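Annotated features, as they stand in TrEMBL:
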- 45-69: transmembrane segment (TRANSMEM)
- 75-95: transmembrane segment (TRANSMEM)
- 107-125: transmembrane segment (TRANSMEM)
- 137-152: transmembrane segment (TRANSMEM)
- 159-179: transmembrane segment (TRANSMEM)
- 185-205: transmembrane segment (TRANSMEM)
- 212-229: transmembrane segment (TRANSMEM)
- 235-253: transmembrane segment (TRANSMEM)
């Protein structure tokens with residue numbers, strides 16, 4: 001029994017108590033879940049929508065490639081659709097940042113440079129991987145899009161690595177798919193879709209608070225284009241989106257009640 005010896009929180013003072021002795025006052029300063037990280041259901045669903053959007057974009061891009069490859073649509077339709085959606089997105093973006101007059105001329109110049117050089121280089125880019133077999137192209141494309149998804153930040157501000165690898169891999173995968181299209185105009189239209197999806201759209205998405213609506217629009221568009229190709233793939237895509245959109249957020253909130261972080265004087269000192 002060691003009750004006759006008064007315990008002190010002093011590491012360098014000799015006592016007759018054993019090293020593993022724990023006094024009744026040891027846990028008086030214990031605190032649990034000090035940092036509040038409460039997430040409501042709506043917030044969780046909105047966060048899940050960001051993930052759903054980033055997963056749907058490569059799927060939608062591949063579907064557009066298949067439509068162009070099978071001549072189910074024309075490059076002109078794709079380019080016109082891109083122009084319209086880009087104008088609306090650009091107007092929304094400038095309304096958010098409130099400096100449209102300062103950036104308009106610079107952005108127009110950048111757009112013209114991209115369109116001119118992209119159109120000129122399309123014949124070269126289309127034949128860049130002509131000597132590589134189609135099966136190899138498709139396998140490398142899958143690998144590149146998987147790399148894009150793995151290293152994507154999914155709109156999180158707490159991830160500190162760069163998006164460069166994610167963007168580069170998606171553009172490289174797009175180049176490989178473009179090399180299998182019928183003409184340079186087909187390749188040019190697909191490459192502009194790639195830039196719009198993987199470069200411009202994530203920037204615009206960071207300024208949109210309600211991502212659920214955007215996710216629903218993308219899901220409807222993807223299913224609409226996917227149904228003529230495969231009913232099974234459409235149903236699988238819908239199931240995956242519903243699982244990410246609703247099941248995962250509710251599952252996350254349910255699991256959070258079991259989270260238990262403890263804090264006390266034994267923690268490392270933090271300079272405030």
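Using the three backbone atoms N, Cα and C, a Cβ is placed for every residue, glycine included.
Predicted automatically and left uncurated, TrEMBL annotations should be read as such.
Tallying C-beta pairs under 8 angstroms between the transmembrane segment (137-152) and each of 75-95, 159-179, 235-253 places 159-179 first.
Of the recorded ranges 107-125, 159-179, 185-205, 212-229, 235-253, the transmembrane segment (45-69) has the largest number of C-beta contacts under 8 angstroms with 212-229.
Counting Cβ pairs under 8 Å that are 6 or more residues apart, the transmembrane segment (107-125) and the transmembrane segment (185-205) reach 3 or more and are in contact. Beyond the transmembrane segment (235-253), the same-chain residues lying 6 or more positions past its ends with a Cβ under 8 Å from any Cβ of the stretch are 39, 41, 44-45, 47-49, 51-52, 55-56, 59, 212, 215, 219, 222-223, 226.
Sequence-distant neighbours of the transmembrane segment (159-179) (same chain, 6+ residues past either end, Cβ-Cβ under 8 Å): 58, 61-62, 65, 122, 125-130, 137, 140-141, 143-145, 147-153, 186-187, 190-191, 193-195, 197-199, 202.
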